[in-house]
């Protein structure tokens, strides 16, 4: 089985395997001892675990737990130590993608082509662990997996799949996704990028500009969407080094600073006909990609939220004011309870959506509902946690302000909070409200 295969792959290649085994053994001993003491002291009524309020753990498969725990070890041991300076210096370390490729977590739901073929829930758990460290790192993985590998797998020819997917899965190639333009954000149908067909040499000439593109300054492969002369919107595979193609970096971001963000500028880029994705000829192509990415985001932001909750809780327990811990304050306890409630509901909704995805029963509106809800709630939680830390809350050494600033961007990209409200509103009423004239 592919799922079992990736578990073995993660365990055999993943750093910190000894730590993971030690942690699992220690946890088992602690749990066993705790149950013995509890049985002696109390009746057998169910106990509440605030770290897993509705027992998510029991609803995951053994492979999903194994994949999550191993990737958590990698994230905490290899990524967490470097994020502080990476964020301060606005640096994305390219080798992270190679490391993820070694772990087998790029394009993980794709079957074959060197990919793991795991469940949608496993993919969500990976996104959650990665964004627990930083949204920028999760963005890089999401783009590679959902916005680059997915369209090649779903809309590409067999030749394109064989050529690109194995290298993308290994992290040997880094990809980006070009849809947003300077004058075309929430309305991609108004894109100005054009593709002119040259019948003489069976190629397309692309002209236009894409902006706010994750990974573009370091990308080897560019999935670009352009309007053709027949009015259809098609996907094109551009390779680094093509004449007329450039990808300048966007500087001065206050969000996602550990992620490389830039533009894609195409000035007469000639693309061979075999680099056109044959299975997409409308906005349904890029929207299908975005739907996959939004699903991962819905999981990921909860990882950031959990970090903020745990940090705020520990700070409230340690910080003494007026002779007592901050956690003694009723307002603090209410805030923690609100955070825990929203995270728990979000996680279990994501679990249900993941199971539906694997049964091909997940409508795009379901994804919009959770992307909108979880991103909005995650941003609220991060802001609240920052406030609970007082003046220390604005120090990046506590990491909460970094999560809060990152989530401002995550709440906006892949469909803004309000755009997803309109998607849901259309489903509820049967009336589209994106424009006034239609």
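Even glycines carry a Cβ here, placed using N, Cα and C.
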Record-annotated substrate site (Swiss-Prot): member among 186, 189, 190 besides 138, 139, 287, 288, 289, 290, 291, 292, 293, 294, 415:
186
Residue among recorded positions 387, 414 with least C-beta crowding, 10 angstrom cut-off:
387
Give me the CA-CA distance between residue 186 (FAD binding site) and residue 240 (N6-acetyllysine), in Å, as a whole number.
27
Please list, in sequence order, the residues in the chain of residue 417 (FAD binding site) that are at least six apart in sequence and whose C-beta is under 8 Å away from its C-beta.
372, 375, 376, 411
Once near-sequence residues are set aside, which residues in the chain of residue 180 (FAD binding site), 6 or more away, have Cβ atoms under 8 Å from its Cβ?
188, 210, 211, 212, 213
